[in-house]
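According to Swiss-Prot, the signal peptide annotation covers 1-18. Annotation source Swiss-Prot lists topological domain 'Extracellular' at 19-577, citing sequence analysis. The feature N-linked glycosylation site is assigned by Swiss-Prot to Asn35, Asn332, Asn413, Asn425, Asn440, Asn453, Asn508, Asn520, with sequence analysis given as support. For 464-554, the entry in Swiss-Prot reads domain 'Ig-like C2-type 5', with the evidence type sequence analysis. Among the features that Swiss-Prot reports, transmembrane segment is placed at 578-598. Annotation source Swiss-Prot lists compositional bias 'Polar residues' at 651-669.
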Amino acid sequence: MISIYGLVMALMMASVLASSSRFQRVPQSQSVVENESVKFECESTDSYSELHYDWLHNAHRIAYDKRVHQIGSNLHIEAVRRTEDVGNYVCIATNLASGAREASPPAKLSVIYLESASVQLLGSNRNELLLKCHVEGASGDLEPLEIEWYRNSEKLSTWKNVQLDQHRLIIRQPGSEDDGLYRCTASNAAGRVMSKQGYVYQSSVKCLPRLPRRKNQKMMESWDKQTFLCRGKRGGAAGLESLPAAPEDLRIVQGPVGQSIIKEGEPTALTCLYELPDELKNQRIQLRWRKDGKLLRQVELGGSAPIIGHSFDSGKDALLREDARLVLHKQNGTLSFASIIASDAGQYQCQLQLEAHAPISSSPGILEVIEQLKFVPQPTSKNLELDAVVAKVHCKAQGTPTPQVQWIRDGENTTLPDQVEVDANGTLIFRNVNSEHRGNYTCLATNTQGQINATVAINVVVTPKFSVPPVGPIETSEQGTAVMHCQAIGDPKPTIQWDKDLKYLSENNTDRERFRFLENGTLEIRNVQVEDEGSYGCTIGNSAGLKREDVQLVVKTTGDGFAPEESGGDGFLVTRAVLITMTVALAYIVLVVGLMLWCRYRRQARKARLNDLSTKEAGGEQPDAAGNGKGSEQEPCLSKQHNGHSKSRSKSSGDAQKSDDTACSQQSRASKKSAHIYEQLALPRSGLSELIQIGRGEFGDVFVGKLKATLVTSPSDKDADTEKQHSNSENGSGGSGSGSTTLSTLNEKRRSKTSMDDIEEIKEEEQEQHNQSGLDQLVLVKALNKVKDEQACQEFRRQLDLLRAISHKGVVRLFGLCREKDPHYMVLEYTDWGDLKQFLLATAGKVNTATAGSSSPPPLTTSQVLAVAYQIARGMDAIYRARFTHRDLATRNCVISSEFIVKVSYPALCKDKYSREYHKHRNTLLPIRWLAPECIQEDEYTTKSDIFAYGVVVWELFNQATKLPHEELTNEQVVQRSQAGSLEWSVAEATPDSLREILLSCWVSNPKERPSFSQLGAALSKAMQIAEK
């Protein structure tokens, strides 16, 4: 109690006393292997006053000695002891002038150690064998102990009836193939240990290994390939222990007794001398060698007849693999090894087996192999990224005894530079990589056999970046000059390569008089021609990677293409040449158009026949005729099936396929199913009107417009009934509200929509009245401009599949797809109040929405914020149940209607309107302030990463979207801290107390510990009930 009180008082003094001192470096929590050294750093930014530093260990002042001492402001501990040094360390900075004190946050020290391991039997019966690996050790805050199980030196993994569950080994329905010696190993940063004693499991045999036969009866040669069923008496307990003993004169004189130690690569032999009486020479007797309980080699000593029966069966656990190094001599029973390898180490035993008798076994002998010292694998040179937080170079060595691994730096100074260390496994770790880390490093492995070394070259590089990227489009007139800039920085200095329409440009394949490649990377084109128009790409690269930017060159012609008339016959000749050229070109165009029309007619006729056959197979179901055949012309971007949720509703018969096989039919069958899906979504482009561009997204422009009411189809009855039943099962049905959007009735609508019953209401009647009234539907249109960009096309297809597969009131509807021509249009549901973020800013007074004679809408109440969060959680739960992920959940990607209904949408205006909320990371625009750490580090998107983003959305709601998450940090700092796991999150001040714990759990680094959307919905439901009271 006294120590805790002292710590509390020290922290209170630090928070109360005014001081200009702030910590520039605070002590960090660390995990260290026992007997290694550790350093806690502490430094204040107050350079104008004299400061005194003290250290506390578990709220007690540290008594310094030779092992624990303070150098400057830093604390050094040599030879860390787990019994004395574990705990919290606090740095106290005292201003000697003012007497003010400031305490750093506590830093935890965890000690990693590993002593022993043992195998414990938890349960054994005929249905299950349960073993546990008990380990004396700890791994601190790093990765947990790694447990491996072995059966007779064979490593086990989860397969068939074997299950590995943390420290436990479970074998379901154990049989004879599971017999053997079970041992376990444990490893962490402190080393690796194996259990000294294992557990031997031996199953019982249910019948005698004997077949009835008459006297002097000879078996056919092919009988050795037959399989015989051996069934014992029901309820009987006969086994190997009930077999009669072999005759006393059949015995093993000398076996592999004792322990043999052999160097790797040397020959050796194991002795098994036996005595075989003359009266048993005609009997079937077998000599066997076993290694760790498994059959290794066997040979027949008696009669030539094959041995049949369980006792002579090698079984599934045999090691009878082809190995020319092993020879079993029949004359004296010796097992010889031509060359010993490390895997030959183990326990060996020889046996004599007489038919229908218990085996005779020798005493076991131990063979130990002195493994040759070597690197596994050989260390290799590596390029390290400048300013990388952590970089590792591995060096693993094997040998007997276990070698010690250390690193040195070549040159005059062999010691390692600062921020470079070696862990217990021999891995060279670089922290905060800088240019001083460049050089040659040598890994030394040493044991009693000697020393080996391997040298690697470490090069510190800088990823190439554009200092002056190409900006476009560039417009120039014919005969003019075009200059496209492209300058880059990096280490090594990046090379710059230009290409036109994905074809590389160089001085060898261009006109040197017109094309100039400047030393700084700029491309200059003089006397520009019409054929120079196109897409130009600049690629920069070095050993650290590649980057590319595109720019469009547009050439404007100055005339109509005809040369002016000249005097005499020259002008006439030029005019005649132009007329002939235009005539030939027109004839060619007419021919091409005719061929295209003819091919389209043939394609539509073939498709009609296939649909007729599919209709007959499906029982007369009418084929989809949307688009009048235009959907059959597939763009390359939408010709592939990329999601398992897209399933075709009809299949063509084999005869129909064979009857219309052409040169392209084989290639088109693979995309028939996905093409059928897109045909069902087909919408005519003429049905869209009043398109207004609101921004640009990741693959094109984004518009708001109207869709003709005749083209709007209501959701299927099945989906509506399912959603209605789901809603009623939780909270019942509720009332309805008005659709007016005036400010005078706005507050009443929002107050009437804060209960769960009103949120769960599905306004089916109002939707039907809206559709029957003939009013055009307000829609969001996303254009696919980057048709040749595979990444953009893949994301376009993913969003299509996501919105097509979900029918839920909390997710916007997908009305269809316009793909008659480029660009393709994705048509989504939109609302009269637009995106949720603009609505929040308006209610917070950040956006001027007031008109004459009216006032701005008031801020949302806590009940209304909970209502919005609940609806978003329900929509995301529907996405999760459809086995999809959103990947960009934020208030900017949700929409809200005048009925206070919130839906999850996908505008993703990342190029202009909300560009400051996105950051280009690894050549991809990402909402890094909403992304989970695993998305930034490993590009891994799951439902748990959507849970992380949902926590940020709730943070936005309670802050009225007036500020960005971690707006005090730059984008690069957010990425760096997220990768390092040091980005700290806290809930908004207005968050109810009942939600704080579950919202904080949304941001934990381990995805498995985050809640589900159903759990979040339940918590929000309770919070809403409390708020209503």
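Each Cβ is built from the backbone N, Cα and C atoms, and glycine gets one as well.
Feature map: Swiss-Prot annotations on the structure.
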{"residue": "Asn35", "record": "N-linked glycosylation site", "DSSP class": "coil"}
{"residue": "Asn332", "record": "N-linked glycosylation site", "DSSP class": "coil"}
{"residue": "Asn425", "record": "N-linked glycosylation site", "DSSP class": "coil"}
{"residue": "Asn440", "record": "N-linked glycosylation site", "DSSP class": "strand"}
{"residue": "Asn453", "record": "N-linked glycosylation site", "DSSP class": "strand"}
{"residue": "Asn508", "record": "N-linked glycosylation site", "DSSP class": "coil"}
{"residue": "Asn520", "record": "N-linked glycosylation site", "DSSP class": "coil"}
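Using CA atoms as reference points, the glycosylation sites Asn332, Asn440, Asn453, Asn508, Asn520 were checked against Asn35 (N-linked glycosylation site), and the closest is Asn453. Geometry remark: Asn508 (N-linked glycosylation site) versus Asn520 (N-linked glycosylation site), CA distance 19 Å.
The average per-residue pLDDT of the prediction over the domain 'Ig-like C2-type 5' (464-554) is 88, rounded to a whole number.
Closest in space to Asn520 (N-linked glycosylation site), of the glycosylation sites given as Asn332, Asn425, Asn440, Asn453, is Asn440, taking the CA atom of each residue. Non-local contacts of Asn332 (N-linked glycosylation site) by the CB criterion (under 8 A, 6+ apart in sequence, same chain) comprise Thr271, Cys272, Leu273. Summary: among the glycosylation sites (Asn35, Asn508, Asn520), the fewest other C-beta atoms within 10 A of the C-beta are counted at Asn508. Around Asn425 (N-linked glycosylation site), taking its Cβ as the centre, 15 other Cβ atoms fall within 10 Å, counting all chains. A straight line from the CA of Asn440 (N-linked glycosylation site) to the CA of Asn453 (N-linked glycosylation site) spans 12 Å.
Neighbour list (Asn453 (N-linked glycosylation site), Cβ cut-off 8 Å, at least 6 residues apart, same chain): Thr442, Cys443, Leu444, Ala445.
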